[in-house]
Structure formats: structure tokens, C-alpha cells
Amino acid sequence: MVVPLMNLHIKSLGASHTVAGIIGSLYGVMQLFSSTFVGCWSDIVGRRYSLLACILLSALSYFLLGNSTTVFLFALSRVPVGIFKHTLSISKALLSDLVSERDRPLVMGRFNAASSVGFILGPVVGGYLAEFEGGFYQTSFICASIFLLNGGLVWMLPWNEENTSNRHHYQDKGTNNCLAKSNHDLHLKSASGRSVTNSNFFQSPWIQVAAVLKKIKGIACSNLWDVLLVRFLMSVAILLYYSNFTLALEERFEVKPLFAGYLISYSSALGVLAGCLLGPITRLYGHNTYRLLLHSSTFTCTLILLYASAPSIWVVILSSTFLAFSTTIGRTCILDLELAVGGSEASGTLLGVGQSVTSVGRIIAPLLSGIAQEFSPCGPPSLAVGLALLAIGIMNANKQKYRSHGSGKLKNQ
């Protein structure tokens, strides 16, 4: 609701384009460095307390934003939300705690679909409210109120984190696949960190920081590098595809930016549908997340190549239609593979690390896009194809490592 209106508001406060850009980048940098720590902190203190803290501090941030009458107050209001707005990641970690490994892709797909609906409707509602006098301030207060409402819902949710932790411990104990041995130390560290989550929230901050750093060290020493590298390469590839989408359509096919906006909204709506269809698709693949990820990434690479060489706008529409499905499936599969390799007990840390990897991609992609556009409007998607092929090569090189990933899920049920 608020994000599309921020540039207009900060300029109305008298900020220059440079200052507006610096403040906008400040949020991204804080998200980059805080996502891993906040995710790991949720493993230490528990999902309920960490999620409540993030929600309430985000509400405070939007309340301050609604009172920002100077550039300084605007910048100050972005600090709490930049550090603590990781509610989606912690919610995904909570869902990972509550559902079985076999049902995880289906649940994550539906969660992503629900989130996509919010990203579709939010700008529409925010744009409507902005038409009124003081619309930006009203929108900010509404966002703060929604966060407070979510905080109340989280407080009332009936779940027991100790029970979910124990359930995952015994489920992981019965796992029999090629990944268990390599991640044994990570599971033990994660389980010990979650055994007393309710009391850990009230421990000394220094004890919590030490526990967070110990968890992050465990992730750094695990064998997740290939999964995170695949996530990074595919994230940059997709960001490159969208980086000059509007400009490229205008230069190549002489279509107006409004048409490009409609096409992006159309793709977002299809992404919601793809999230709802993940259940039947994963069953079709026998719950083999690795194979589904490999195929969806290959399909994504092919569709970006089709877009880069499209002779007409109809081919672009065709590629955008199927790309909405392949990217949605790929995002869910890479998340599920991270949790399967790293262990569901460290889901908060893993999701935080994954979010940091994606944030690095968001920083690098515009730079690569600008360089590629110096050669051709098709430069960014062409570079995206190369990065996607590299990701596919890494997955093929490690297929022996994940060969029994899908069958391992079925054995555990």
C-alpha cells in the first residue's frame, strides 16, 4: 500500500533525487544484513515472540512514517522496518515447523499465493487513498493498524513451539537419505537452540547474540553453498528479465508503458494461480523437490530465451504466461530444498540466509542490467539465460547428492 507512494512523499518533503535514492537504498542494505540475524534469532527465542516483535516494531515504523513531516523523520521511520520487517520469512519458518516435510511445498505455495494477492491489491488501495488530501498519512496509519491486527492474531494462535520442535526432532531422526550425515551437526546445534525457546526470549541479549552467531557459523560450515548459489543465480536471472522489461517492450515493439504494466499484473495474477496448483504438481513429481526445481529452472531459462528472441509481442505474452508458473514453482522448490538440506529445525536461519542471498541479487542485478543494456535492449535477458544455464549446470553436477531427496519424503510418512 505504501511503497509505491514513498518517492512522491519524500519529494514533497523537499528531498532531492539523490537523497531519496540514498534513503531507499538504506532500507535494502538493512534488510540484507538483518534478515539472517532475525531469522536465526527466531530459532533461538521461538517463532511467537520473534514474530510478535517484528510485527509490533514494523507497526511502530509505519506509525512514525505517518507522522513524518521532515526528511529526517522519514529516514528515521525506515530504520525499524528495515531491520525487523521479516514477518514473511518468520511466518514461512513457522509453517515449516507446523507441517510435515511432504506437505511443505503445497503449504508454502498457498502462502506465497496469498502474499501475491496482497502485492496485487495493496498498490491499488494505496493509489486510491492517495487521491484524497493527506492520503499518504492515512495509508501509513492503516498499514500500522493492519500490523497491530496481525500481532493480535499471532498472540491468539493456538500452537505449542516445544511440541512442534519435538515433532521435527523425531521426524528428522527417522530420515534415511544421503543428506542426513552431512547435516548431522547442524541438526544437533539447531535442536539444542530450540529446546527452551520460551525462556530464551528473556535471557540476556548478549547470550542471545552469542547463540545467533553460533547458529550462523553452523550454517556457514554446512554444505548449503550449492543450493544458495543456485538461488542467487536464478534470482539475478529473473531480476534481469524484469529490469528493463517496460523499456525493452517500448523499444522493440513500440508498446506503451501502460501495456507493460498490465502484462506484469497479468503475470502476477497467474503466479497466484501457480501457487494454488503446487499440490497437484508436486504429487505428479512424486514429491521430488529437486527434480521439480531442475525442470522448472530449465523451463524458466527456455522462456527467458524465447522472450529475448521474440519476433512479436504475442510471443512475449506467451513467454510471460508460462514464466509466471515456472518462477513461482522454482521459488517454492528452492525454499523447500534449503530446508531439506539444512534441516527444518534451523528453518528461521536458513530462510534468513536465503533472503540475504536474494537481497545481494537485488543489489547486483541493476548494475549488470545497466551494463548489458549498453549493448542491446535484449542484453539483460540474454545475460539472464547464461546465469540460468549456470544454475542448471550446478544442479546437474550435484544431482547424485539429492537423488534420494524425493523418495526420502515418502519414506518418512
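Don't overthink the numbers, they just go from 1 along the chain as shown.
Positions of Cβ are set from backbone N, Cα and C atoms, glycine also.
A quick note: this is a predicted structure, and the numbers were derived from the prediction, not measured.
Residues belonging to the domain 'Major facilitator superfamily (MFS) profile' (1-405) score a mean pLDDT of 82 in the model. Sequence annotations record features per position, and here TrEMBL assigns domain 'Major facilitator superfamily (MFS) profile' to 1-405.
Among residues of the same chain six or more beyond the transmembrane segment (20-42), those with a C-beta under 8 A of the stretch's C-beta atoms are 6-7, 10-11, 50-51, 54, 71, 74-75, 78-79, 81-86, 89-90, 93, 208, 212, 215-216, 348-353, 355-356, 359-360, 362-363. Annotation source TrEMBL lists transmembrane segment at 20-42 (among others).
The transmembrane segment annotation in TrEMBL covers 111-130 (among others).
TrEMBL lists 136-157 (among others) with the feature transmembrane segment.
Positions annotated as transmembrane segment by TrEMBL: 224-243 (among others). Residues 264, 293, 297, 300-301, 304, 307, 323, 327, 330, 334, 337-338, 341-342, 350, 353-354, 357-358, 360-362, 364-366, 368-369, 372, 380-381, 383-385, 387-388, 390-391, 394-395, 398, 401 of the same chain lie 6 or more positions beyond the ends of the transmembrane segment (224-243) yet place their CB under 8 Å from a CB of it.
Listed as Cβ neighbours of the transmembrane segment (263-285) (distance under 8 Å, sequence separation of 6 or more from its ends, same chain) are residues 105-106, 108-114, 116-117, 119-120, 242, 245, 249, 291-292, 316-317, 320-321, 323-325, 327-329, 332, 406. Annotation source TrEMBL lists transmembrane segment at 263-285 (among others).
Taking Cβ pairs closer than 8 Å, the transmembrane segment (292-317) reaches residues 230, 234, 237-238, 241, 249, 252-253, 255, 263, 281-282, 285, 323, 326-327, 329-330, 333-334, 337, 378, 381-382, 384-385, 388-389, 391-392, 395-396, 399 in its own chain, all 6 or more past its ends. Residues or ranges marked as transmembrane segment in TrEMBL: 292-317 (among others).
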